[in-house]
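J.: What TrEMBL records for this protein is below:
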DOMAIN    B:720-778  domain 'CBS'
REGION    B:15-35  region 'Disordered'
TRANSMEM  B:102-123  transmembrane segment
TRANSMEM  B:151-172  transmembrane segment
TRANSMEM  B:202-220  transmembrane segment
TRANSMEM  B:263-286  transmembrane segment
TRANSMEM  B:298-320  transmembrane segment
TRANSMEM  B:347-375  transmembrane segment
TRANSMEM  B:387-410  transmembrane segment
TRANSMEM  B:465-485  transmembrane segment
TRANSMEM  B:491-513  transmembrane segment
TRANSMEM  B:525-549  transmembrane segment
TRANSMEM  B:555-575  transmembrane segment
Protein chains: 2
Amino acid sequence: MANITKKVSWSSRADESAAAGEATPLLNGSEQPQHSRQVRLAWKLTWGDSLRGRPKEIPHNEKLLSLKYESLDYDNIENQLFLEEERRMSYMGFRCLEISRWVVCGLIGFLTGLIACFIDIVVEQLAGIKYQVVKENIEKFTEAGGLSISLILWAVLNFTFVMVGAIIVAFFEPIAAGSGIPQIKCYLNGVKIPRVVRLKTLVIKVCGVICSVVGGLAVGKEGPMIHSGAVVAAGVSQGRSTSLKRDFKIFEYFRRDTEKRDFVSAGAAAGVSAAFGAPVGGVLFSLEEGASFWNQMLTWRIFFASMISTFTLNFFLSIYHANPGDLSNPGLINFGRFEGDVRNSNILYFLVSRLTLFFLSGLLGALFNVLNYWLTIFRIRYVHRPCLQVMEAMLVAAVTATVSFTMIYFSNDCQPLGPESTEEYPLQLFCADGEYNSMATAFFNTPERSVRSLFHNQPGTYNPLTLGLFTLTYFFLACWTYGLAVSAGVFIPSLLIGAAWGRLCGILLASITSTSSIWADPGKYALIGAAAQLGGIVRMTLSLTVIMVEATGNVTYGLPIMLVLMTAKIVGDYFEEGLYDIHIKLQSVPFLHWEAPATSHWLTAREVMSSPVTCLNRIEKVGTIVDILSNTSTNHNGFPVVVQVPGSDEPAKLCGLILRSQLIVLLKHKVFVELARSRLTRRKLQLKDFRDAYPRFPPIQSIHVSQDERECMMDLTEFMNPTPYTVPQETSLPRVFKLFRALGLRHLVVVDDENRVVGLVTRKDLARYHLGKHGLEELQLAQT
Amino acid sequence: MANITKKVSWSSRADESAAAGEATPLLNGSEQPQHSRQVRLAWKLTWGDSLRGRPKEIPHNEKLLSLKYESLDYDNIENQLFLEEERRMSYMGFRCLEISRWVVCGLIGFLTGLIACFIDIVVEQLAGIKYQVVKENIEKFTEAGGLSISLILWAVLNFTFVMVGAIIVAFFEPIAAGSGIPQIKCYLNGVKIPRVVRLKTLVIKVCGVICSVVGGLAVGKEGPMIHSGAVVAAGVSQGRSTSLKRDFKIFEYFRRDTEKRDFVSAGAAAGVSAAFGAPVGGVLFSLEEGASFWNQMLTWRIFFASMISTFTLNFFLSIYHANPGDLSNPGLINFGRFEGDVRNSNILYFLVSRLTLFFLSGLLGALFNVLNYWLTIFRIRYVHRPCLQVMEAMLVAAVTATVSFTMIYFSNDCQPLGPESTEEYPLQLFCADGEYNSMATAFFNTPERSVRSLFHNQPGTYNPLTLGLFTLTYFFLACWTYGLAVSAGVFIPSLLIGAAWGRLCGILLASITSTSSIWADPGKYALIGAAAQLGGIVRMTLSLTVIMVEATGNVTYGLPIMLVLMTAKIVGDYFEEGLYDIHIKLQSVPFLHWEAPATSHWLTAREVMSSPVTCLNRIEKVGTIVDILSNTSTNHNGFPVVVQVPGSDEPAKLCGLILRSQLIVLLKHKVFVELARSRLTRRKLQLKDFRDAYPRFPPIQSIHVSQDERECMMDLTEFMNPTPYTVPQETSLPRVFKLFRALGLRHLVVVDDENRVVGLVTRKDLARYHLGKHGLEELQLAQT
């Protein structure tokens, strides 16, 4: 391990981001390395270059672990107040709680469904207007010959929408950018991503996704639904809005991380369910991406939220489509009905002869990820100011419009416009009367509709050249788009790319082999291609299989879909991680994977823990506490509480654990021993006071403690967690990891055989170790 | 809490069962209450009555917790040997292990599929012969008028098959009785059910299920597939057969409880997958019923095993049906293809108007469970000898045949025998030429075929009276049958009952409302009824929904199926638990549910733990160890290892934990300090020696320790787990429970603040507390 060379708090972004109003939330601090462990920088810092004091060699972010992220506490703080409340509660009280949990899940599902419905309707209306205007304009100028004006009109329309979308995201809530799935993954994993589940984020996200989809970017509105569902869940379950300063005085019991996480799982599942009409898929998504401890009742509630969500969306869309009760829109995307059972066709033949093709899918997915990886690194380095981000988004919008227009302009793929044609905006352009330009159709559609056309249109609707060009363009556009400062998902672009090349393969194969089975239909290939491409990019298998099967509505496609997803994952993993994992890594999030790295048995708690630990006495001087909390160079969040046997010189024993947030509340309410004695009528501090302060505890600087008060004492007995989990120093890393991960811990105290505190293990201490190409690697910690 | 009154080791069955060759496996012992905690008997024992010393008041088994069940250890024993091995292993080594895990899962899937295929083919052949013989006989005697001879022939045939099935189960392997699902649930939960995953059990199970299905009992062959899959998994993953004394020297790394459990989960999933053609349902079943810690890689392997299993079955059945490659048999039961999308029909109308009906399903399910509950209690008390069990099974077989025959005889529900009719054995009986008796069809079929006919036959195939009578008879027959000493599942009978009354409701509703929607088809009602009845009996929601949807092959039925399953569960839970839970409770198994009882916060580790604990010194005298292990009155399985500071009078500190099984291996290999000194060439004990002894460690009685050896010392340092999980005495029960359940522990050491052992928490200490009708109740411990 590299020796400590320099003690620098250096950030690649902090200087700019602070200037641009992105206050880095360092006040509440994070579980940082302790005094003795200094921040290690493996790369050489060469200062004094022209670039405003920036080092020339820029660190690879994926080799860093950021210290700015706090952890969530998924282990209940069982202090005396909590236990008293639990013991007071009757059996009926617990039943009521259980019922209110179901009510909350129902509400989450309902609201998520409503939001999905809102997005869908607004996008459809706005996009309809846009296509209509552009179409009329093109038709006007096709004969007259001023098509460049149409291009400009189109580009300006897209431009405007994307600009609005990018501005609100970049300037008001940068966390609303992208699909939000990596952020929700982190949240469920136990990392507190600042502002990720706030109301403001939700509003920006919804507006942003509408703008970017209407703006014609290569994006989908499905991914953001998952984030939206999670925000709804985090809001509804708390029974108040901190942003709006409204407290409904309900669901107060749920105001802690443990309960909130469960509801956020349900919200994410409801989001998937609304996006794809896949309630079971939603449950599996939540479990595959987030949960670690599986609880049957929780799963059922998640399932309930998912059901309500898809049902709400379905019901309101049926009313919107003036056909109430016709529940044919269970999700934002509808793959349409696939006829023809795979069961009855010769699947074996298909598997043996075609499977080789699907290796391609893994490769394409990996290529997408690698390109996006480099692009993201570029963005982190050079495109970090909001104005630059907005400009990039507008550039992409302009390029998208231009490329689309060029391709439409030069394509001559004319298709007959039959009465059964389902195209809403068929463009004649240079085609003969009664025909339409099929390339234009592919671009003149919301991506959802394009996917459906690729799945279901008759063989012969698209010619191979059109498809090939479309795949190529859309691939690069989608890759460029993901990671822009706009709210947008990657599911639909992936499906669209996959469907296009899948259909292309289908057409080519059909022309070679002339088989008469069900697989002669290129639409089936489009489905398989779509699954493969999506799987190659996001690398989920179980939940994605179920989502695809539920969206398809035909179980018999399950087996081929599973097979291509597995293939795509295996091939893709060989080259690069999944897209979401890449983005999590590039954000330097201390993400805990499912298991400790395989070869980490040689590490023990002694090596990974931080030490020495700042401990508090059970009855501690207020001044000491304030000083410790104010020390910005350490910024600890959890403090072991120790007790010294009076009159003995034995070392102090561990007797509890207390959090920074608890101490802040205690200081704010001035729970000092002396004051309690003098003012007997003073109200005793209750659990409610902690819940009221949750989750935005004030910083220590905002709490005034007078010089007299500094001399008072604070008794922590009632408030500390008297039974923190502990491990001996010899415990191996995998064992520590398992305990930490299975119980969702935030702090794990390491003790010696006399029960004295010798160290503290936090999330960063565990996330630091990962399996690289050359065995076990240790990530660097940075203040970024 | 009742005070201790009497110290009795009393068993309601042990006296008889020992006589009948069912040796109660008390030798290896179980985590029993410690010296100071005496077995509490709440009921008064009144001795000296005429019934061979049996007490008059017979205890309610569900208020007991048996001490005969040992726990499994799902926490790795990370002793020095283990850590050394792990540290020696390279990254490639771990990759190879990972690949061999996938290979094992593939094998499990393949073999489970083969077994399913074997059962299916044999049952179909034998049942075909039986029906053909009886049919010909009936046809011969219908005119001649000697139908009583046909009855006798039929009864004798059934009789014989069932007798064979019952004899092999009752006399050779009683654990093979029933569906095996409760046993597998217990195994995955961490309870060691003796002989549950042995090869002999598998053989008896397969033969037994063939006999009972061919014998015409109201049973299915699907439930036992889950048990079969689990046995296959437990066998394959160990790379050897202890029963056959063959060791293939492969997969030695997997010879411990943790790894074995993972494979057993995969096996159970593969079983479900083969039974219902539902790979995703299989994964969910495994997770819903068994897993507690969800690991993504594990889930994928389980999914893989499920896929291979259904594919293998499908492939071989397609060969058997002389149509290779036509993969239309993904499971043992095939619901057939449901046409007509629910999406496009007016589901809202359906829901509002029909949902009330499905409350009935919960009620019927609960009634089934209550009846079976009383029947099981009766059986436990009076029908415990194998010969009695065989006689009961034969009685049921005779009654089933007689009832069926009577109903066929008196029914006059004649249906035209069209050319499109799918009946394989249509019985004309007293019907006109060109017609057949539809009641006879319902009974003259494997239950799987009957279910399919109820789902798919044209409206009008069955008349309401036939269906009503059939439902009634079959309900009671199925209820009587479940719990007999035969291998049999309850899935198919439940589906059949539900399908019958569902179809009945459909017919009645159609005659009242004359709706023209899709719901006019009574087959749809049969499907919903089947789901409702099955849900009402077994009370699974998520996995059952997916299983039903996968078996139906139409995703659009998902929503109604979910709704009835939820309704059935809510209504049913109001009256009685699910069938499997009832049987687990009646077996007094120390089963740990998902969470600690809600109102248990007032209990702490101090109250629940067993104390004082038998501790061992790190260097302990062999004689002491042998004496402790031989003490049948305590029979501890785990011993905290303590160390005394030499020359000081301080109390001993905890330094590790060692298991009975490890001590046995050490004694067997005579790993004594003195011997190690004298014979330097002696081979060092390796992890392999422990693995070779796993899982059937010899009893202490079989190990000879001479008087000289008793004076030797044993050094446990290398073999004990040096980092056992510990909790302080003040830890609340829910917190202890969470730690115990999430990590799959077997022993949890309770320490004071000086790290001295004060108690030990085992599974029984936690399982004792459960939420009864009057709040928290404590179960009694018994030697049963």
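Each Cβ is built from the backbone N, Cα and C atoms, and glycine gets one as well.
Help me picture these features in the structure, burial and contacts included.
T.: For the domain 'CBS' (B:720-778), the DSSP counts in helix, strand and coil order read 16 helix, 24 strand, 19 coil.
Sequence-remote contacts of a segment are chain residues at least 6 beyond its ends whose Cβ falls under 8 Å from one of its Cβ atoms, and for the transmembrane segment (B:151-172) they are 21, 126, 130, 133-134, 137, 200, 204, 207-212, 214-217, 386-387, 389-390, 393-394, 396-398, 400-402, 404-405, 484-487.
Long-range neighbours of the transmembrane segment (B:202-220) within the same chain, counting only residues 6 or more positions beyond its ends whose Cβ lies under 8 Å from a Cβ of the stretch, are 115, 118-119, 122-123, 126-127, 130, 154, 158-162, 164-166, 168-169, 172-173, 176-177, 180, 227-228, 231-232, 235, 333, 396-397, 400-401, 404, 446-448, 474, 477-478, 481-482, 484, 486-493, 495-496.
Within its own chain, the transmembrane segment (B:298-320) has Cβ neighbours under 8 Å at 101-102, 105-106, 108-110, 112-114, 116-117, 120-121, 229, 233, 262, 265-267, 269-274, 277-280, 282-283, 286-287, 291, 326-332, counting only residues six or more beyond its boundaries.
Beyond its flanks by at least six residues, the transmembrane segment (B:387-410) meets 147, 150-151, 154-155, 158-159, 161-163, 165-167, 170-171, 215-218, 379, 427, 429, 437, 439-440, 443-444, 469-470, 473, 477, 480-481, 484-486 of its own chain at Cβ-Cβ distances under 8 Å.
Long-range neighbours of the transmembrane segment (B:465-485) within the same chain, counting only residues 6 or more positions beyond its ends whose Cβ lies under 8 Å from a Cβ of the stretch, are 166, 169-170, 174, 177-178, 217-219, 364, 368, 371-372, 375-376, 379, 386, 389-390, 392-393, 396, 399-400, 403-404, 407, 411, 413, 438-439, 442, 493-494, 496-497, 500-501, 503-504, 507, 579, 583.
Within its own chain, the transmembrane segment (B:525-549) has Cβ neighbours under 8 Å at 272, 276, 278, 280-282, 284-285, 287-289, 335, 338, 358, 360-366, 368-369, 451, 454-455, 490-491, 494-503, 505-506, 509, 519, 555, 557-558, 560-562, 564-569, 571-573, 577-581, counting only residues six or more beyond its boundaries.
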J.: Which bits of the chain, at least 6 residues beyond where the transmembrane segment (B:491-513) starts or stops, bring a Cβ under 8 A of a Cβ in it?
T.: 179, 218-223, 275, 333, 353-354, 357, 360-361, 364, 368, 447-448, 450-451, 454-455, 459, 462, 464, 467-468, 470-471, 474-475, 477-478, 481-482, 519-534, 537-538
J.: Would you mind listing the long-range same-chain contacts of the transmembrane segment (B:102-123), meaning Cβ under 8 Å and 6+ residues beyond its ends?
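T.: Non-local partners: 202, 206, 209-210, 213-214, 221, 225, 228-229, 232-233, 236-237, 251, 254, 263, 266-267, 270-271, 273-275, 301-302, 304-314, 316-317, 320, 332, 446.
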J.: Please give the average pLDDT for the domain 'CBS' (B:720-778) in this predicted model.
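T.: PLDDT averaged over the stretch: 90.
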